[in-house]
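Colleague: Okay, so Swiss-Prot annotates it like this:
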SIGNAL    1-33  signal peptide
REGION    32-237  region 'Receptor-binding domain (RBD)'
TOPO_DOM  34-585  topological domain 'Extracellular'
DISULFID  113-130  disulfide bond
DISULFID  122-135  disulfide bond
MOTIF     311-314  motif 'CXXC'
DISULFID  311-314  disulfide bond
DISULFID  341-395  disulfide bond
DISULFID  360-372  disulfide bond
DISULFID  402-415  disulfide bond
REGION    513-529  region 'Immunosuppression'
MOTIF     530-538  motif 'CX6CC'
DISULFID  530-537  disulfide bond
TRANSMEM  586-606  transmembrane segment
TOPO_DOM  607-640  topological domain 'Cytoplasmic'
MOTIF     630-633  motif 'YXXL motif'
């Protein structure tokens, strides 16, 4: 059993390496930022670069999530190598400078060794991390090098038949059969393995590539693979909290000025050029709230004018500020991420109240299946599901306009198609007036009607479906568009507020840790700040990262123990773990079943013994009955008879 980490008082555990520990904790805290939604779409760029020349062999950009942006990368070996392998005599040796050298290079095998994880004895960059046989993990060679843990696989691509000595079609050799642009005739295909799709690509990964020759040394080149996420915003600097600075009061209503007749400019005056209009200011909190209430009124007035003759619309001041109504709708399927999926949204907002029944996608748990009228399973493949106009996907990871099927197939995430409505309650005038009247008798608590109950489901089947009866579709009106614009503006502000608060907290922790590190350096002679103060050392742990990682490791260990426990059980013990009703059924019928089995096994033997015993007793009784009907004759001795005569 392991000893506890703090078996002695903390003041006796002062570490002379405290500043270095603080530096490590600072780096760890800076990296533990809350992760985005798995359905967030980014602009991802993969680059293959020759580390010896700095030349880029391939740069592929695509839109997608961080889970499915692992495309096949196509490039030419000579674009990667350049002139590093050229021999002094181009007509004899291989290389990439001459057409003949490119053709001879195509005949050689090659092998690749990883530099991001170097095994013992594999050497360094000079050997291409291939210091001995067995270090190679991929390539195109007769011994078929492979690995189950490396991140990529690199093979030769399809070379067209009849492609001659690799002439360059752009320098006057276009009429020669087999000529290609740039003389490229050594195509390579790089694919990501399952381990590569799970790995972290925060830093470049390095590999060494060597050309296999039967004689002489194998030429070496080094290349790196880098992933760049272009639209991830930078971290905010230390300063005022933008969440507080944007809390502006409601704007004052603008006074309408009557138009005046323009006067001609005086003679000799220079013509005045109107300046550029001032930049539009982002609406403050007060304006956003008023826009929500105004949009709710316009939408309600369009659908039910009788309810808006005299009413009170109250915006709920406490969370949840929004509620969703599950609806049925037809989403659009895209092979690539559409434009509305690539917005820079962090998807950190969730819905705590969803009502109704609608369309569900993914592995919906039993606790949320009441929200599903129809549950669809995603098929294999990488594509995106965009929500219809006026709706959004409410997922267990947050709100998102698009879904990635790759994320749904790899995780336990689930989503429901919902309409978003602000938490605005509708009250009649009698209820509001009654709150200010002093009454001794109180009526029953009135039922609060929210905007979701009054207008829920309109975009997917309410007013929008009433066009045939003469009703205007709400989704196509300015009132609904104004309400949707107010909702989107408020949601965007909420997301920015959450991100700003998170980054402000992280920045504050970095400042505190930096001050602590500086104090430790100042009191280095005394053994650090804790030793100078003669107090226990306190260390900072970012719960958003450390706890999440710890729980993930704990969950992984529990799964491993569960699998180990199940593998150690016999088939009979495993039957009882499959379902609870099976255990109850077995325990109920086990007793009668055992009794019946014993009767079938020993019943015939016992029955035969009993029958034989009865037969013996009956035979004895019969013998006694027969002896009672006869008398026994006396025996006479012949000698005695003769003596009597």
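Using the three backbone atoms N, Cα and C, a Cβ is placed for every residue, glycine included.
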Colleague: Far apart in sequence but close in space: which same-chain residues, 6 or more away, have a Cβ under 8 Å from residue 130 (disulfide bond)?
Modeller: 111, 113, 122, 123, 136, 208, 210, 218, 220
Colleague: Just give me the nearest neighbour of residue 135 (disulfide bond) among the disulfide-bonded residues 314, 341, 360, 415, 537, Cα to Cα.
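Modeller: With Cα distances computed to residue 135 (disulfide bond), the winner among 314, 341, 360, 415, 537 is 341.
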Colleague: Rounded to a whole number, how many Å is the Cα of residue 314 (disulfide bond) away from the Cα of residue 395 (disulfide bond)?
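Modeller: Just about 28 Å between their Cα atoms.
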Colleague: If you count other CB atoms within 10 A of each CB, which of 113, 372 wins among these disulfide-bonded residues?
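Modeller: Of the disulfide-bonded residues 113, 372, the most buried by Cβ count within 10 Å is 113.
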Colleague: Whole-number Å only: compute the distance from the Cα of residue 372 (disulfide bond) to the Cα of residue 530 (disulfide bond).
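Modeller: With distance taken Cα to Cα, residue 530 (disulfide bond) is 57 Å from residue 372 (disulfide bond).
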Colleague: Just checking: which of 311, 341, 415, 537 have a Cα that is within 10 Å of the Cα of residue 360 (disulfide bond), counting only these disulfide-bonded residues?
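Modeller: Checking Cα-Cα distances against residue 360 (disulfide bond), the disulfide-bonded residues within 10 Å turn out to be 415.
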Colleague: What three-state secondary structure does DSSP assign to residue 402 (disulfide bond)?
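Modeller: DSSP assigns residue 402 (disulfide bond) to strand.
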Colleague: Taking the Cβ of residue 395 (disulfide bond) as the reference point, list residues of the same chain whose Cβ is under 8 angstroms away and which are at least six residues distant in sequence.
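Modeller: When sequence neighbours closer than 6 are ignored, residue 395 (disulfide bond) has 37, 39, 362, 403, 413, 414, 415, 416 within Cβ distance under 8 Å.
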Colleague: Please report how many Å separate the Cα atom of residue 341 (disulfide bond) from that of residue 537 (disulfide bond), as a whole number.
Modeller: 47
Colleague: On average, what pLDDT score does this prediction assign to the topological domain 'Extracellular' (34-585)?
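Modeller: Taking every residue of the topological domain 'Extracellular' (34-585) together, the mean pLDDT is 73.
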Colleague: Among 341, 537, all listed as disulfide-bonded residues, which has the most CB atoms within 10 Å of its CB?
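Modeller: It comes out as 341.
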Colleague: Give the helix, strand or coil assignment DSSP yields for residue 372 (disulfide bond).
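Modeller: Reduced to three states, the DSSP call for residue 372 (disulfide bond) is strand.
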Colleague: Here are the disulfide-bonded residues: 122, 314, 402, 530. Which has the lowest count of other Cβ atoms within 10 Å?
Modeller: 314
Colleague: Please list residues from the chain of residue 311 (disulfide bond) whose Cβ is under 8 angstroms from its Cβ, counting only those at least six apart in sequence.
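Modeller: Non-local contacts for residue 311 (disulfide bond): 426, 427, 428, 429.
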Colleague: How many Å lie between the Cα of residue 402 (disulfide bond) and the Cα of residue 537 (disulfide bond)?
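Modeller: Here the two Cα atoms lie 47 Å apart.
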